[in-house]
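Notes to accompany the following structure.
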Amino acid sequence: MVKLDIHTLAHHLKQERLYVSSEKQLIQRLNADVLKTAEKLYRTAWIAKQQRINLDRLIITSAEASPAECCQHAKILEDTQFVDGYKQLGFQETAYGEFLSRLRENPRLIASSLVAGEKLNQENTQSVIYTVFTSLYGNCIMQEDESYLLQVLRYLIEFELKESDNPRRLLRRGTCAFSILFKLFSEGLFSAKLFLTATLHEPIMQLLVEDEDHLETDPNKLIERFSPAQQEKLFGEKGSDRFRQKVQEMVDSNEAKLVALVNKFIGYLKQNTYCFPHSLRWIVSQMYKTLSCVDRLEVGEVRAMCTDLLLACFICPAVVNPEQYGIISDAPINEVARFNLMQVGRLLQQLAMTGTEEGDPRTKNSLGKFDKGCVAAFLDVVIGGRAVETPPMSSVNLLEGLSRTVVYISYSQLITLVNFMKSVMSGDQLKEDRMALDNLLANLPQAKPGKSSSLDMTPYSTPQMSPATTPANKKNRLPIATRSRSRSNMLMDLHMDHEGSSQETIQEVQPEEVLVISLGTGPQLTPGMMSENEVLNMQLSDGGQGDVPVDENKLHGKPDKTLRFSLCSDNLEGISEGPSNRSNSVSSLDLEGESVSELGAGPSGSNGVEALQLLEHEQATTQDNLDDKLRKFEIRDMMGLTDDRDISETVSETWSTDVLGSDFDPNVDEDRLQEIAGAAAENVLGSLLCLPGSGSVLLDPCTGSTISETTSEAWSVEVLPSDSEAPDLKQEERLQELESCSGLGSTSDDTDVREVSSRPSTPGLSVVSGISATSEDIPNKIEDLRSECSSDFGGKDSVTSPDMDDIAHGAHQLTSPPSQSESLLAMFDPLSSHEGASAVVRPKVHYARPSHPPPDPPILEGAVGGNEARLPNFGSHVLTAAEMEAFKQRHSYPERLVRSRSSDIVSSVRRPMSDPSWNRRPGNEELPPAAATGATSLVAAPHSSSSSPSKDSSRGETEERKDSDDERSDRSRPWWRKRFVSAMPKAPIPFRKKEKQEKDKDDLGPDRFSTLTDEPSPRLSAQAQVAEDILDKYRNAIKRTSPSEGAMANDESAEVMGDGESAHDSPREEALQNISADDLPDSASQAAHPQDSAFSYRDVKKKLRLALCSADSVAFPVLTHSTRNGLPDHTDPEDNEIVCFLKVQIAEAINLQDKSLMAQLQETMRCVCRFDNRTCRKLLASIAEDYRKRAPYIAYLTRCRQGLQTTQAHLERLLQRVLRDKEVANRYFTTVCVRLLLESKEKKIREFIQDFQKLTAADDKTAQVEDFLQFLYGVMAQDVIWQNASEEQLQDAQLAIERSVMNRIFKLAFYPNQDGDILRDQVLHEHIQRLSKVVTANHRALQIPEVYLREAPWPSAQSEIRTISAYKTPRDKVQCILRMCSTIMNLLSLANEDSVPGADDFVPVLVFVLIKANPPCLLSTVQYISSFYASCLSGEESYWWMQFTAAVEFIKTIDDRK
């Protein structure tokens, strides 16, 4: 190995620390930004959809809503407030949230309820349909919501259209549930907008350019469009042959124009079939497949219905009203253009139906001019999609991992929805879905919640807004939660629910407040906030697991996806909220972070997920029952549990909060165990504690994570038996219950891990594992995660707990008392099957409880020798003392080594609860090796404690010695009293552990195994022991190991034995390096047991890493190499290079008066001085190796940052789209209101047109137009419709009025001299046409610089100017010219990046573009703008207008003959 340079190492470590710190800060900022953007997105989307629904009401102008009411409603919508649901609904928010969540996940029930409501003629069915789309499915922003809605549509086809006598008529009427929902969906679907824009923009603009005549093909209607005078002028004398001939000629001409137009539309339809939305195609193919099976329907009829759906309901509305869909934004559509668009839409539908039904005989002639299969071919492509059962999902989901956590719904909508469901239930129209609806409604409160002032809710933003009393809701208020792919599927599904529902329907006139109701999510993990340990252990479990399949997505694949969008911004909030929540868990941040992240760390997670799914449906209702029980007494409300639902707060001293079982149904536990056993059978071996040599992780985290989740929801809250009840039977049953429910099995580790974080704030109340797994723990989970990651390196192995000793002992008593469930529990015993390397001594009698449990057998060989050292059998094989001794000798490890090994493993395997005064202390690093904490099944007594954790460490010794006395006195109390006392925190663990270790050495000596296993002690009666077992079982549940800690200890203790020879061959030890200043233990704990080399080595390595990563290179000594290389092997430790280095650092700290750094460095130097040179070199080599192995953590941070940046960018793009939709809807709303205003002033407008015709001077015409526009603006200001309009809406309205008025007088204003102007334009047009044949980009008359010729002929600029005829107002025409000029400048800048194009470069290109585009009526355009807009030109507009007129004049002078 290359000799290490301490200075280089320190340099690298400092770089690493700075980089990790800055990355974490950036990731935290990104998490906050993503949440802000997501919140804004959902609020904006909610308002935008309500505006769209309001617009539809205005267009229909139904009796229920006058234009004035619609305008008022639009104003109110803009001011919508979002209010947390609990403020309005109180504790009932939970029930409503669950109702909405379960309803949302049942598309079939929604569809059957809507159909039943229609059959019952419920008047609010339509508003409920709006609520389903906008609130329940959140406008389908999230892909999962879209998938659910597609399934609702599929069921509607089955229940509504398939059952109808005349489904086609039902569909065409457009009032059935399917039609309304399809319209809402297709209007909001972004891919549908893309398809419509790509297909229709060009042909519609072309139609607007040529909108001079109505393309009427019916001769009778054509004649009616002209006054008698015009008829005579155009066609001659009425009734004559010449008249009929002229009319027919005009009809033929119109037909030819129409055919050309329609062919253009069809061509674009075919060209853009590739971007037809997959989800719409899926609906059409589902309709075709479902209805084709109906006997009474012909295939042609079914095809006709698909055609209606595609054309009548999707494409043709966009053809007729393109501005409503954003296809055309600034070009006004006048009456002539609208008529022509309707003609196109009608022809498209007729062509699609060719061959399937008899058309109108009069249209057959015109249809004969088309290719018969032109539209049918397009339909075949769409209908021909394979009708797969599951809705299509996008292959690239940029929001993967994001999920919705709330529903936006107004109070009135919520009540309407609930009442609708109740009326459907009572209407007896439901068939097989009746039971499901009954179950849903059963959990809803009977009384209507009182309505408070604010009704809205905010989905994501509320972490900051929610009061501290509602921690859980804060979490749920976040609309976006993360789904980690490595977590269980149930978690994913839960999270997804919440985000999307963010909208409310418009059934009430003033829904200015929207409730944000939480759907109740499970635990979530914030991207980038995993600690170093967790990431490295995931890496380790993925890379080296032999027995279990590796999930590539865990870490190697895409941790950025695994943990990418767990955007629970409550982490920030949780920090302030934590202490008030659970006073005992100051550093619960660390624990929760670790436990959450480790849920998915293990490789066999998928199997665990299957087990979870098996149980999910059976346990789903248990939580509901609990809610009902608590609700009866208003307990949730009184205890402040409305949101947090932390059951531990409500438990009385005699309550049992066991998971799953109660005294009254003792068999449930065993049944549940058998189910778990069956579901997880194949996981048992995978989750064994394998030896390091085999590359396996100590514990399989995933197997456990699944069960914990299922058990979490099933609580029993029965009162425990009192002391006076028959103790034997009751306690025996209770013990079985505890054993079965507190996470013994190989699949339950996660439960136990998670319990740590949800330890009740009352130290005396020990609660079984179920609490932790409830989703309400999340607030602290994330908060904990944040704090853990805020340390320098983020990683810590565990946090010491005041109860650690008791917890540790608890592991030994799990199966002590004989019980009928013992054999069944054997496979779930963490000692026998989980830590597969040691077979457990399982006595059949109650043994005396020794003061310290024995260590487990050696587990070192794998780490040191590379071979697996396994006991002969797994399971419940009982080892005699002799066998144990023989095994030890066979694997020849010194006794001390064996003990240190086993204790390290087990102690690290238990995750302690954090105590306020011992925040973030890496527990497994500080536990001495001999303090075995869980290797055997012997009974261990809980120590009662009388000192608080903040007491001096010296108290620990006296506590320990008082143990046996305390136990005796403890026995005289009722068992539940003992539970409180023994659960009280004691002296901090590291000291007590050392005391125990010294006693081990004194009392037990090398024959500890035989002493412990052979000597029964009469001190405890069987009954008292059972009671103690129960108590320790409770404690033990909290101490289960997290995979990361287990893996850690496995390597670390192997690394340094007395001679320091162990190879550093496993990345697991890396996690031990992840410490910050907070993690340093006091020197007291170091002095307590200096002879423990394994512990000291790890401790020194930790401290030295901290010293190195904060050192400054300026302070490096110069001659360290010669000093180090010249040292003989046994020189004094003061002289080695680490000490020299530290001395310089101490000097610098003294110079800077940095007291904290001085203390750290001095402590580090004191520890280093105890090692010889060789060990110091190994120390540096180990730190360097750890540094190299931390590369995956750096990669993890980078991927998380990239993932968050991608998500943020995508959310911003989604927000842009939503804002654009909202703008389009608002502008169209204004246009409709203007149309209504002008209709009321039609008489005035006609008078104005007549006056305008009489004028001849251009100035007079301009003045008259200006005066009339001002008159209309004044009328608008006084109109009741416009009373609530904003300034922006008034400006839009003025623009709309100007466009409408100029449209009416366009020909009079544009051609003041009529035929003279038209002929003049025609002459110039022909001249330019001749020029375009001979002029090229390098023509000598133009002199375009050669550098700009590469972009010729500038087609995008040509297409801009060609559309100038579509605009009718002088302002819009100038804007069109500006867009052309700016396009040319962009292209010129692109061609030559070194210089800015000037006028000499620009004008020749402008001339060339005008020649090639040859827009019609150039001279009249110049005259029109000069007359009506010249006085308004200024700034940039004026400059480009001047360039444009100069170019037109220059074109007139070019001679095409030269």
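Note that Cβ sites are derived from N, Cα and C of the backbone, with glycine treated the same way.
Summarising the annotation, Swiss-Prot assigns phosphoserine to S227, S466, S566, S742, S746, S757, S766, S876, S902, S964, S1017, S1083 (among others). Look at Swiss-Prot and you will find T390, T458, T470, T762 tagged as phosphothreonine. What Swiss-Prot records for 447-475, 574-608, 738-821, 846-867, 888-1022, 1039-1072 is region 'Disordered'. Positions annotated as compositional bias 'Polar residues' by Swiss-Prot: 451-473, 578-588, 758-777, 1010-1022. The compositional bias 'Basic and acidic residues' annotation in Swiss-Prot covers 778-789, 888-902, 952-973, 995-1006, 1061-1071. The compositional bias 'Low complexity' feature in Swiss-Prot is assigned to 930-951.
Look at S227 (phosphoserine): DSSP puts it in coil. The two recorded residues T390 (phosphothreonine) and S227 (phosphoserine) have their Cα atoms spaced 59 Å from each other. The Cβ of S227 (phosphoserine) has 9 other Cβ atoms within 10 Å, all protein chains considered. Under the DSSP three-state reduction, T390 (phosphothreonine) is assigned to coil, being neither helix nor strand. Taking the Cβ of T390 (phosphothreonine) as centre and 10 Å as the limit, one finds 9 other Cβ atoms among all the protein chains shown.
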